[in-house]
Each structure stands twice: as structure tokens, then as C-alpha cells.
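Here is what Swiss-Prot says about this protein:
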type	residues	note
MOTIF	58-68	motif ''HIGH' region'
BINDING	Glu561	L-isoleucyl-5'-AMP binding site
MOTIF	602-606	motif ''KMSKS' region'
BINDING	Lys605	ATP binding site
BINDING	Cys901, Cys904, Cys921, Cys924	Zn(2+) binding site
Amino acid sequence: MSDYKNTLNLPETGFPMRGDLAKREPDMLKRWYEQDLYGIIRAAKKGKKTFILHDGPPYANGNIHIGHSVNKILKDIIVKSKGMAGYDSPYIPGWDCHGLPIELKVEQLIGKPGEKVSAAEFRTACRKYAAEQVEGQKKDFIRLGVLGDWDHPYLTMDFKTEANIIRALSKIIDNGHLHKGAKPVHWCTDCGSSLAEAEVEYYDKTSQSIDVRFNAVDTATVAAKFGVSVVNGPISLVIWTTTPWTLPANRAISLNAEYLYQLVQVEGECLILAADLVESVMKRAGITQWAVLGSCTGSDLELLRFTHPFMGFDVPAILGEHVTLDAGTGAVHTAPGHGPDDFVIGQKYGLEVANPVGPNGCYLAGTYPTLDGLFVFKANDVVVELLREKGALLHVEKLLHSYPCCWRHKTPIIFRATPQWFISMDQKGLRKQSLQEIKDVQWIPDWGQARIETMVANRPDWCISRQRTWGVPMSLFVHKETEQLHPRSIELMEEVAKRVEQDGIQAWWDLDPAEILGADAADYVKVPDTLDVWFDSGSTHSSVVDARPEFGGHSPDMYLEGSDQHRGWFMSSLMIATAMKGKAPYRQVLTHGFTVDGQGRKMSKSIGNTISPQDVMNKLGGDILRLWVASTDYTGEIAVSDEILKRSADSYRRIRNTARFLLANLNGFDPAQHQVKPEEMVVVDRWAVGRAQAAQAEIMEAYENYDFHLVVQRLMQFCSVEMGSFYLDIIKDRQYTAKGDGIARRSCQTALFHIAEALVRWMAPIMSFTADEIWNHLPGERQQYVFTEEWYDGLFGLAGNESMNDTFWAELLKVRGEVNKVLEQARSDKRIGGSLEAAVTLYAEPELAARLNSLQDELRFVLLTSAAKVAAYADAGNDAQQSELIAGLKITFNKADGEKCPRCWHYTQDVGLVAEHAELCGRCVTNVAGDGEERKFA
């Protein structure tokens, strides 16, 4: 028997079956960076319309975690897909480099500033530490396959950026949004500093819940409000609080104007309580007998006076909408120095903003004899005992509730009134303008809009000052006596900014005021405060995007971060941009959820369910991590586990195998010489290119809408179903056995070439390493990198008015599926081995029969059988099987007649008819020795 193997067009490619990504990807990265891939892309895209995704800076502290990977990969997918869509999309990664976490790390290394080291030495150490952290994180981000200007990232501690942050504040001051005031701010006694809202986390804490009597100063007047002339014993208004330590700062009792309050007689005294809460108060106080003497509204009690239980002064009853009936007594203890609601209502009534607590959380001297010097949380018990001694304590119990804590120390924080600098939400209409700007932004998902609107509508003024060492100085001078800003503040801040641009923030602390103030130096002092780090990152639309030439003066199109950034970076950026420029800093804001494990639990070292991106890349490769990110609906929680990553690896293999099949069968194909014109191609080949065209339209739309999981789904459907289970299956015979340079094979290769050109581009934003690898194995002249390309424009399909249009092939796929069911059963019954052992008869109703017959002798190639014929549905015998899906179709089969051709494996009756090729069928003889078979349809 002759060996005809060398007459076959067997698939051949240098593209390996196994990705071996963990090993190969680092070499690819090396090539990308040695050849300056990012620079090549920028040069190729120069002059195109821009799309700017502005990188929200991660904090320069610690290793990257899986959440960082999700964020950076999503950004990279968008930047690369925008490049494919014809945009110039520069990406400059950034880092947030100032602030408390770095200070704490450096304190552990060298001690606190002013103790073992000077403040200047401390700042130098902070800068060095942050730079080291940036380098560590940068390596990991690059390993993810994220392309960007990694050699020139932006750091908030770059001298120029520090200077531009000062300039941003200057513009906000110039626009009239800054004011100074003593306001209650989140205060961490461990940090010794105020905290931004985004630095506050909530944990369960057990507190003492107390009901306290405030005795009426004028019993008769109070009783009269309830329509009562005589009462038995004193009258007291009962307040409820879970922070006994704040009672020394009490300056009023808040009631709700609309609520009904009752005067309740209990043994020897009368209590004032909200009518709806009388029963619950009595129950917890253990009072079983009481009588309601009279009722009135909260507004009736406004400005009546009640005696503080131990401070020796009396306080007014005032009215506030923040008073609810959710818990307590309907009367709220009000300390303007210790709470934002209390502060706001206190401003309305002109109350003193008392702050008897120092930065360390201890009472100041002169507060109260038994409290002076005590730490506030230790003072709770002392205050409760004091109330008990004074006969003011109605009830005390333990309460587990959610309490604000420092994100860094995890310890409870307090509200504390301190002199601070604020960006006002209302004095120049910032709140109103911001709410208007939000409406002009596209929020993805759209619930983000309502979320940030609620936050902006309800947020207090933004306290931007911090009492820290490592941060951008506010660069302000205030009058020693009046504490007013210097009248030339804008000009002076520019002077400071110029120095900072040269020498960094240390220039401010080294500055002798006389150098820029001249004679005014005698009357003015430097403000020692630094800026909230959220001001640093929130001003990058100005300090970085406006300042760097790569962005060409364009403002950012998109911000993309985790959903916690509505109150973080999205908020601070919106406030600063609106205060500076009167408009939002972004056109689109996209948020993603947090990573959780396979069971939906938060990632936690204590549970042991964390997955390190470094481990995944070292084991499975960056493209698997990227495919996992793209496969997930990122708008909700993003689940990751070894099992989920394994599924991504399986999906990757299917896509890779499809790409390998395409490349292997393009062996010997030169697109410049061998392409077949569309009108001369075999119909099924045009259909396959048309399926790629349809897939590309959906994939482009999904990329445009940032629905990357839909990109992956469509890609998988195309590779596994349309190509893998049909087209790539049925073309093997033609591809391998047809004449090597004949039109039947070249038509097929033309289709495979167009499909591969499209597929590699669909993959590039997500599976970047593999796309680059495929690109380097594709035939024909091409640019060095797929990343400089645009979506493939060489696709075409079948016309709708052709008889063998997409509808025809969709029906044929169903028919083939029904035939396969019959043959599968026969195979499991051991009646046939492979499908080529079968000769199939399709009994079809006239219209279907006509469509099937239009394929002529090529129907068998679609069905992968040695023979196939069509007969009338009415002629079907009892042995014919009725199709489940197609009413007018029955199927039967017999063993194929004739002999098996050793070259094509088809059974035919013309094997051996040509003496020179005595073992071959007629078709193979034509392909080996003649002009090659002709195929029209399949």
C-alpha cells in the first residue's frame, strides 16, 4: 500500500498547542519594553481622535492584590479596545504618594518626626519609601500585560505635581470656596489628625446607652405647655445618647417640631417623652405604672430651658429635623462640637461650639474635676456614675451598634471641633453646581448617579486640612491676630509653587516668610497644615492631565475605579474640578465591584481565602487572569477561586486551539498571491467570513459598551459553536485532501485568513500576550504589533437575497445536528465506527428537499458522511427517524457502499479505477494528479 501522506496538505505551524504562558509571557514583555511598544502605539495613533482614561492613583504602599489587578486589567482592556476603535488613547499610570499610611510605615522604621529625626529627614525618608513601593507595584502591573508610559508615570510627590496641587488650591481660593472654621471633624486620637470620610470604616462596638434627665428650669411654664396646672414633683426632659463622654459639651436638647410629646407622671416626678416612644422607654427603665398628664408638639417647647445634670448651666430646647423616632426618647442630646448634625443646628441657634477634648482624646484641664485628663472612652463609666450620683440617670444598658473607626488603626474615632480649613459646599454654590454637573456624566452602571447625587446633596463642607508631616502644604499665610488670609494669597501661593516645583514640598518648610512677604512677615505666620491626600488625587485632572503634553490639552473621558470611590476619588475630583473650573472632570465614570471568593465571602487573610495575582501569573499566566477579569460581570461582586480560574484556563484553551487550527491551516498561504476573490469562493467559506463579520459587529458593540463579559461570551460562541463544532470540522476534508494550490483549498484558506485577522484583534485587548503570539505567526506583510491596528475591515458575508444566505445555512446546521444524533446513536450501538462509514438519506418535505438538493453532491461534505441523498418525506419507511426539531424531516442511514479510500477515508465505488493510483478514489486522483476537485458550496 502506497503512503499518500506527502500528498496531503497537513496542518503545520510553529504556534504551540500549549500556551505555557507563565514561562513565555516574561520574554514577550522583555521584547515589548526593549522595542518600546507603548511608544510605537503612540506614534501609530498620532493625530487620531483622543480617548483619555485617567488612572486613579493606587496608594504607594504594599504589594498589589487581586483587586488592583481587576482595576488595572479593566483599564488596559478599555485603552487597547479604544485603540482598535481608531482612537489615540494614551495611558499614564499614577501613584498616590503622600499621607498617613506611609508616615506610619516610616515611623516604624525611623521613629516619629521631631523625636529621633527632624521633620525634613522624615519627609526624605517618606519620599524614599514611597518611591520603593512604586517600583515594586510597577513590576507587578507591567507583568499583567498593562501597556502604559511606565517609564514616566505620574506621582503625587513629583515636584511639579506637588506645585500644581498648590496651584489647584489657589484657584479654589480665588473662586471663593475656602473658609476657616471650628467644626466637628472625624478625629482619630491615634493618628492625632482629622480623617477624610473615605478614611472611616464602620465596625460593631458595644457602648453604654443612657437615658438622662434634664430638669426644667421653670416647672410651671413647662407644665402649662401641656395644659397642666399642678404636677407632683420635678419635670425633666429625657434625652438618650450612646456617647456619655460628650455630655460635658452639651449645649441644647433637640426636639422635632412636628412630633407629639407627652408629660408623663411616674412616682414622684414627671418626664417629657415623645408620645410614640413612651412605652419603650418605660419598659427599658422598668417602670410599670405611669399616667399621661397632657400633650403638646415639639414646636410648643422651643427655647424652654433645662438644667444640665452636672455642668451647672442650663440649655435650651431647640428644633431639628434630624430628630427621629427610630430609637431613644424623641429628645436628642446636642453637642455642636461633637457631631455634624449638632453643629448645623447649633449654627442656626447660635450655640457655643464647645470642645473640651484635646487631640489625644483626653479632656482638657478645667472641663470637670473628675474628668480632667481622662481619655474619653474611659470617661464613659465616670460620666454614668456622675449622673447616678446627681439623680439624673433614668436608665443605662449595653448596646451593640455600628461605630465609625479609623481605617488604619481600626480603633473608634470621635467627632471633635478643631480649627480647620474647609471647601464650602454652599457659600459659592458648589453643591448646586456639582449636582448639575453629575447629570452630564454617563455613570456605568447607571445606579452610580443616584449614589453620588445622594452623597453630594447630604455631604458636609469638605475639611481639607490635616495636621501631618508628609503632605502637600496648604502654603497659606494668616494674620497673627485676626487669622485672616494674606490679601495677596494667590500671588504668594504661586511664589511657593515655583519653589516647590524646583525643590519639592520641603521648600515650604525651609521658606523664611520674609523672603516673599517682606515687611508683612512681622504680622503673618505660616499655616502649618498639609492637604488631605484626597485633595492630592482629586486634583490630578488639573495637576497631571492639564499639565502633561501627552494629553494634548484634552480633559479626561473616563474615570474607572471600585465602587467605594463614589465617596472617594470620584467625589474629591468632582468637588475640585467644579470648584476650579465649574465643570466635572470626567465624561464617563465606570465602577467595578470588589473581589470575593467562590462562596461570595470578602477576601481575608484570617479566613485564608485570598488569591495573589502574582501566584496566578506564575502558575497560569497573565492572560488567564485577564480572561477571568473580562469574563466577569464586574458591575457586581467579582468572584475568584482556583476553580473559577480553572474554568478561565479551560476557556482560554478552547480559544487558543481555534487560533492554532487557523494558523496551522494557513500553512503555505501567502495572502498577497493566494487570496480568492469573494465572488469566486466556496459558499460555506463566505458564510464563515460572514459569521466573523456578524460576531465582530457584536464584539465591537460590547467593547464600546464596556460589556467585556459579552465579548468573551461571543468569542467563545464563535470559536466553539460556529467554528469548532461546524465550519472547522467540515473543512478538514477539503483543506487536507484538495489540491494544494487549487481554488477549493485556497478559498478555504482565504476564509481562515480573514477570520484569523479578525479574531486576533478581538483577542488583543483581553488576551494580549496570546494575540501578540498569534500575530507573529500570521502569514503576510504586517505591522510589527497587533496593538497598532484597528478592527479588521476585510470581512464580508452572504447577501440576504442569495438562495444560500445565512438563513439557509442556519437551517442546514439544524439538519446536520439532527443527522448527528442518529449517527451518534448508531455509533454507540456499534453499527458504525465513524460517520464516514454511513450513507444518509434525508426524507424531506418539498421546500426543504429543494434547499437540501441545491447542495448537489456536496451535501455529504456538510454532513461528514460518505454519501447523502434527499428523498420525498412521504416515501420514508418505518425505519426512518423523525427529527425532533424539524417537522418535515426524517432520517435513515445505511453502511456506505464501496471501499474506503486510504487517502480521504471516504467510502466510494470508484476506488482503484485509475491504474496509476490503484488505491485511490476518483476525487483523490483528481486532487493528486489532476487539476483538483471543484467545490461550489461546501
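Positions of Cβ are set from backbone N, Cα and C atoms, glycine also.
Overlay of Swiss-Prot annotations on the structure.
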{"residue": "Glu561", "record": "L-isoleucyl-5'-AMP binding site", "Cβ contacts under 8 Å, 6 or more apart": "Gly56, Asn71, Gly568, Trp569, Phe570, Thr591, His592"}
{"residue": "Lys605", "record": "ATP binding site", "Cβ contacts under 8 Å, 6 or more apart": "none"}
{"residue": "Cys901", "record": "Zn(2+) binding site", "Cβ contacts under 8 Å, 6 or more apart": "Tyr907, Thr908, Val911, Glu919, Leu920, Cys921, Arg923, Cys924"}
{"residue": "Cys904", "record": "Zn(2+) binding site", "Cβ contacts under 8 Å, 6 or more apart": "Asp733, Thr737, Cys921, Arg923, Cys924"}
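Within its own chain, the motif ''KMSKS' region' (602-606) has Cβ neighbours under 8 Å at 65-67, 594-596, counting only residues six or more beyond its boundaries. In terms of DSSP secondary structure, the motif ''HIGH' region' (58-68) contains 3 helix, 1 strand, 7 coil.
Per DSSP, the secondary structure of the motif ''KMSKS' region' (602-606) breaks down as 0 helix, 1 strand, 4 coil. Within the chain, the motif ''HIGH' region' (58-68) has long-range Cβ neighbours (under 8 A, six or more residues past its boundaries) at 95-97, 99, 101-102, 105, 130-131, 133-134, 136-137, 140-141, 155, 562, 594-595, 603, 610-614, 640.
The Cβ centroid of Cys901, Cys904, Cys921, Cys924 marks the Zn(2+) site; residues of that chain outside this set whose Cβ lies within 8 Å of it are Thr737, Pro902, Arg903, Trp905, His906, Thr908, Val911, Leu920, Gly922, Arg923, Val925, given in sequence order. Note on Cys924 (Zn(2+) binding site): other Cβ atoms within 10 Å of its Cβ, all shown chains, come to 27. Every protein chain shown contributes to the tally, and the Cβ of Cys921 (Zn(2+) binding site) ends up with 28 other Cβ atoms within 10 Å. Under DSSP, Glu561 (L-isoleucyl-5'-AMP binding site) is assigned to a strand (E or B) in the three-state scheme. For the motif ''KMSKS' region' (602-606), the model's average pLDDT works out to 77. In the three-state DSSP reading, Cys904 (Zn(2+) binding site) counts as coil.
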